[in-house]
Amino acid sequence: MTSRWTTAVLDTDQPGGWAVARSPEGFLFDDNGVLFPREWLKRQDLSILAEHGIGHLDGEPVYLLELHSTSEVPGCNWKGLRAFMLDGDHTIYKVLGYAAQIGTWAREHRFCGNCGQAMTQVPRERAMYCQPCDLRSYPRISPSMIVLVTRGDEVLLARSPRFVTGVYSTLAGFAEPGESAEDCLIREVREEVQIEVKNIQYMGSQCWPFPHSMMLGFHAEYAGGEIVCQEDEIEDAQWFNVHDLPPLPASKSIARYLIDVYVARRLGHAEPVLPG
């Protein structure tokens, strides 16, 4: 099946196309959505920090206008990326997720981290360049392992103090330098709840642009230990029966997918599809 959305490095000197606008408050939208005629959008009273050509949607070029600040546009409002994730149009969310990552990266790499000189966008390449240092900086992607630990009809779920009240989720953490995905998973589970795991199975991945994570999802079986929550990181962790689960993460998340797949398998139901 052909994807409606493909990323690309587009020449911002070319006219036309569609554009999305991102400010500190999120993305601009109106009754027709988040895509605006590019030339019209650039004529509005917007504090444009930078423009990036980011790809093609249904064959049409799409650009990002990254803004210094939030501006009022008649008939329009601003909405955060997480809200778009929950809205249901997964293709538009993928466009905005990519735009958010490119905008964040470019904003954070306006100046060279080595010498402090201003960096410039490299033509036809997704990179920022410092000429005095001959240094290129590329978009950051942070690999994070996320795992559902299981024990028969039970699943191990935990909650962070940062979670929505009452919601429990799977365990997760970022990979350290020199660490394999499996080593990271084992370490994170041990650190967060002092549980040992075995029979690790890769389940899929999901881009998580908050701001630049790549979530690698796994199932793992309980191998031993008693739950001891990591101080300041895990507020509570429990074994839950698949027939009696607490409030769970949003259905579009890979955390929810990992849980739903295991529950479906235990109950003999059809397995869900991993959201993009």
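Placement of Cβ uses the backbone N, Cα and C atoms for every residue, glycine included.
Residues E188, E192 are given by Swiss-Prot as divalent metal cation 3 binders; from E226, E231, E233, E235, that same site also lists E233.
The record from Swiss-Prot ties E192, E233 to divalent metal cation 1, and of the options A172, A175, A250 it ties A172 to that site too.
Range 173-194 is the one annotated as motif 'Nudix box', of 41-62, 107-128, 173-194 (source: Swiss-Prot). Among the candidates Y63, Y138, the one that Swiss-Prot lists alongside R82, E125, Q206, C207, W208, P209, F210, P211, H212, S213, A255 as binding substrate is Y138. When the binding-site residues C112, C115, C130, C133 are ranked by how far their Cα is from the Cα of E192 (divalent metal cation 1 binding site), C112 comes first. The Cβ of C112 (Zn(2+) binding site) has 18 neighbouring Cβ atoms from other residues within 10 Å, across all protein chains displayed. E192 (divalent metal cation 1 binding site): 21 other CB atoms within 10 A of its CB, across all protein chains. Counting other CB atoms no more than 10 Å from each candidate's CB, the binding-site residues E188, E233 peak at E188.
Comparing the Cα of E188 (divalent metal cation 3 binding site) with the Cα of every entry in C112, C115, C130, C133, E233, these being the binding-site residues, the smallest distance points to E233.
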